[in-house]
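Visitor: Got a structure here, written out as structure tokens. Questions coming.
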Amino acid sequence: MAANRNLKQVRIENSSPAAPLGMVGGGGGLKGLRGLETENEAAAMALVPGKEGGDEEQEGGFTIDIKSFLKPGEKSYTQRCRLFVGNLPTDITEEDFKRLFERYGEPSEVFINRDRGFGFIRLESRTLAEIAKAELDGTILKSRPLRIRFATHGAALTVKNLSPVVSNELLEQAFSQFGPVERAVVVVDDRGRATGKGFVEFAAKPPARKALERCSDGAFLLTTTPRPVVVEPMEQFDDEDGLPEKLMQKTQQYHKEREQPPRFAQPGTFEFEYASRWKALDEMEKQQREQVDRNIREAKEKLEAEMEAARHEHQLMLMRQDLMRRQEELRRLEELRNQELQKRKQIQLRHEEEHRRREEEMLRQREQEELRRQQEGGFKPNFMDNREQEMRMGDMGPRGAINMGDAFSPAPAGNQGPPPMMGMNMNNRGTLPGPAMGPGPSMGPEGAANMGTPMMPDNGTVHNERFPQGGPSQMGSPLVSRTGSETPQPPMSGVGTVSGGPGGFGRGNPGGNFEGPNKRRRY
């Protein structure tokens, strides 16, 4: 039976006139089975279970699929499927109690208190529990009518101050952190608008107590708005069965109040006066409640406005803090960047200094190497230059640097030294052949001391304009011997070195720069 409990066969005895079937369509399932009016226990057992096979029974019955009694998303064996059975016989056994509900599916919880005559049983779905309650309530069992009600949900909580955007799913998800939730519902009005209230049903009492304590001590928020929910134990009301007449206790007060039937009080009577005072009291209560509700609503609106302003200010503060944090990060990054640039600059300066030092070292080494080379080969170039100078002075002809004599510069007398040439003392030329210049015989026409052959014979008819005509001739031929003492001539500067040439090897100026009162050129 446990393997095939989702498929039950209920056979209704056609011969029983007191067992009609009432089918109420609601939500796609069977709402209730009514019309079972039995007088004894045998009549209460008129509904017998059918066969447990998977095939439908065709003989005087119909098949009920228990799965069809579960609504979409409904959980099975919840607290809402729990029934309270009162006025039980004291000698009833657990097997008899189960057999009483076995036609409505496999129960999961069975509890019997024989001393007080009540018990609890939990069925698979709410619909099956409603069917069992409708069928078995008032049934006579061992001369006792059974009283069946839905058991009070001990793990249900009322949730208030809900936001309009909270749904059933969000409410269940929020309270699932405390324990398994069987059902969570947000209460709405007739137009489907949220009333700000709801309830949550847990599977057991410990999670419900935990949720109640946590929400009472702290502030439990369901949305972004800092609006905490208010959790309270759920008040249990029976708004289905109510209080039937058969359950009323027939006390003295009951009989006294039932003496007068329902009626309207007549104006001017005692009843009308006090009835009016009761109505005034109710009206005052209503007005005060409305005023309290209005004050609470205004306080809530004011609090919401302050909360919005404070949240805006809080967001601005967070943005400022974030901006300051980012500025601090940027400043730190800028400092790191500046430090890195400073390090790179220092490294670059060190590299440049090292490069400059290496260049200076290379230049100094090059200079030292050049100086060393000059010191090693310095004497040989000087010797060669002197040798070349001597060779040039010995090989030059009549128009050379030494044979510069002409009609205007005759050779000196035997006791007369050669004139200095641009500061060069001819007497100091130790390398020239022949005796030193001075008194004595003059050298030949090609000699170093002969200043060249005369360009004009000295016949005494041509005189130099630079000198007085009465003076002795100084332009004579070197071959003519001179007698007597003659006054030495002043040194001539007409013969000199070529500008830029080595000393002693220059050629005479063709134009001749003659010092004296007359500086015209002579040709």
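Glycine residues also receive a Cβ, built from the backbone N, Cα and C atoms like all the rest.
For reference, Swiss-Prot lists these features for the protein:
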| type | residues | note |
| --- | --- | --- |
| DOMAIN | 81-153 | domain 'RRM 1' |
| DOMAIN | 155-236 | domain 'RRM 2' |
| COILED | 282-376 | coiled coil |
| REGION | 465-523 | region 'Disordered' |
| COMPBIAS | 471-487 | compositional bias 'Polar residues' |
| COMPBIAS | 497-514 | compositional bias 'Gly residues' |
Visitor: Suppose you look only at the domain 'RRM 1' (81-153); what would the mean pLDDT be?
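Guide: Summarising the domain 'RRM 1' (81-153) by its mean pLDDT gives 89.
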Visitor: According to DSSP, how is the domain 'RRM 1' (81-153) divided among helix, strand and coil residues?
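Guide: Counting residues per DSSP class in the domain 'RRM 1' (81-153), I get 23 helix, 23 strand, 27 coil.
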Visitor: Where DSSP helix means H, G or I and strand means E or B, what are the helix, strand and coil counts for the domain 'RRM 2' (155-236)?
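Guide: Grouping H, G, I as helix and E, B as strand yields 21 helix, 26 strand, 35 coil.
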